[in-house]
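Record features, source TrEMBL:
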- 115: active site, nucleophile (ACT_SITE)
- 272: active site (ACT_SITE)
- 300: active site, proton donor (ACT_SITE)
- 41-302: domain 'AB hydrolase-1' (DOMAIN)
């Protein structure tokens, strides 16, 4: 079974200022590079929206063969301003990825992303197909209204985790429970510190409950953000979800022809309770040129053992094919 490669440290890291309109906030993205500076370039697209990169994310790739690029998206992780919502949309993130590529003088690269990272990878590729050699995508999220409702309405994952859903709803009034996504967001951005912390904790616990199929020998903090700044990450995530991830005018499935010839490997857990496997299935039905692997004993998290085995196996295969 494949395992993660040993921990490595970046050989360089820096802040990259993104172009901004006059009077708009300037986002500074934290960008790091690991592995072989002359290796096959791959960019890691983290999830969320609102999450960030971790040291373990470097370890899906053979550091002798890959030039591994990681960055924290706008408002995320070590990027500045942390939690910033202004000028923070999917279109901005796509432009950011392209700006990183140009700054690093990379002609084309491999995209590796999971969950929201898979969404971002697909949208970037649809805008810049000539810059993408291969994609490895996990836990497909298509960012449609019913995909969002699955996580944040009573008719989706709540049916599988009724006790966890009840706990999440307990921080909302009966009226607020009619619009849970909007109500949680209002508490997270509100001035009532008690209600804000209450909503943050409930949101965090809900995600912890549904993200993984079963307990393993890793910490939940390796899977979702559980630190003291989690409130800002949750706020950013809901900012995107309340706006249909800013993709109403660019549905992924309607633009598959643009990327039909981009070699792509899709991996999805059969028991993914965050992004049901139906989303990967729908994508694959419209895109038979892409390969789909459904793991029978996996959920959503990239840190599950069978998921690691498959993803590392794919990065090894891509390196053999392209190096």
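Quick reminder: no glycine exception, Cβ is built from N, Cα and C everywhere.
All TrEMBL annotations are machine predictions without curation.
Given the structure is predicted, the values throughout are model-derived calculations rather than measurements.
Distance between Cα atoms for the residue listed as 'active site, nucleophile' and the residue listed as 'active site, proton donor': 8 Å, as a whole number. Note: the residue listed as 'active site, proton donor' has non-local neighbours 115, 139, 210, 211, 212, 269, 272, 273, 274, 275, i.e. same-chain residues 6+ apart with C-beta under 8 A of its own C-beta. Cβ neighbour count for residue 115 (active site, nucleophile) (all protein chains, 10 Å cutoff from its Cβ): 25. Mapped onto three states, the DSSP output places residue 115 (active site, nucleophile) in coil.
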